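Some features that Swiss-Prot has for this protein:
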BINDING   Gly165, Arg166, Gly167, Thr192, Val233  NADP(+) binding site
Amino acid sequence: MTAIKLDGNLYRGEIFADLEQRVAALKEKGIVPGLATVLVGDDPASHSYVKMKHRDCEQIGVNSIRKDLPADVTQEELFAVIDELNNDDSCTGYIVQLPLPKHLDENAVLERIDPAKDADGLHPVNLGKLVLNEPAPLPCTPNGSISLLRRFGVELDGAKVVVIGRGVTVGRPIGLMLTRRSENSTVTLCHTGTKDLAAETRAADVIIAAAGQPHMLTADMVKPGAAVLDVGVSRKDGKLLGDVHPDVWEVAGAVSPNPGGVGPLTRAFLVHNVVERAEKLAGL
């Protein structure tokens, strides 16, 4: 058996086609949504991600604002840029590209963002609203992951879902999202303290691998026919690798490639959050 490809690039194109129409409708009312990025330092991967985000904006007609700062920027200088974006009406939403250099307090930076302009959905207030199931910008990677499963008909209602990884950007929030009534999944969150990971994954209908450990999920750990999302990214010998070993494709029923799976949707839902806020401000 060869797994169905959960094609994030295909679905991204569909989302962007919808967003282009929505942005055009906003422009007819004289409103142009704006996405800003704050990038600190010279990390090549971060620069690549930010470049792609601005290219996405250009494609669908969203204004983009770049704030590139040196690696030795102080906490106060970074706060000043964040305060500027908080007060800039042309900026509908923005992100601070993570990770930040070690001398900066990441949590304090995220807290400084205006929760209403939090395009990443990672502000403590918005994560708290997710716990309470109140409307707020949703974290982009979990939202993209769940939407990708839905797009290709993977059943979530009543499904046993195993999430590998307990990070703030994916593992923790995706568990909250999957246990909402709209998804209704039973979720097991696995991590370095899990005693028998293979036993957990072999019982799963859906596996979301977000550990950042290259090829750590192998075919013998997957139930035949299960759906697998390869979310984690790591670098080995200069190559980017996902968490899912290639042999999983011979056992699983559906697998997201990496790259080309969840990644394009993370970017799509970032722009989606900005467009959605612009519509809300416009009363649409």
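Placement of Cβ uses the backbone N, Cα and C atoms for every residue, glycine included.
Known features from Swiss-Prot, placed on the structure.
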residue : record               : Cβ within 10 Å
Gly165  : NADP(+) binding site : 23
Arg166  : NADP(+) binding site : 17
Gly167  : NADP(+) binding site : 16
Thr192  : NADP(+) binding site : 9
Val233  : NADP(+) binding site : 17
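Mapped onto three states, the DSSP output places Val233 (NADP(+) binding site) in strand. The record assigns Gly165, Arg166, Gly167, Thr192, Val233 to the NADP(+) site; their largest pairwise CA distance measures 17 Å.
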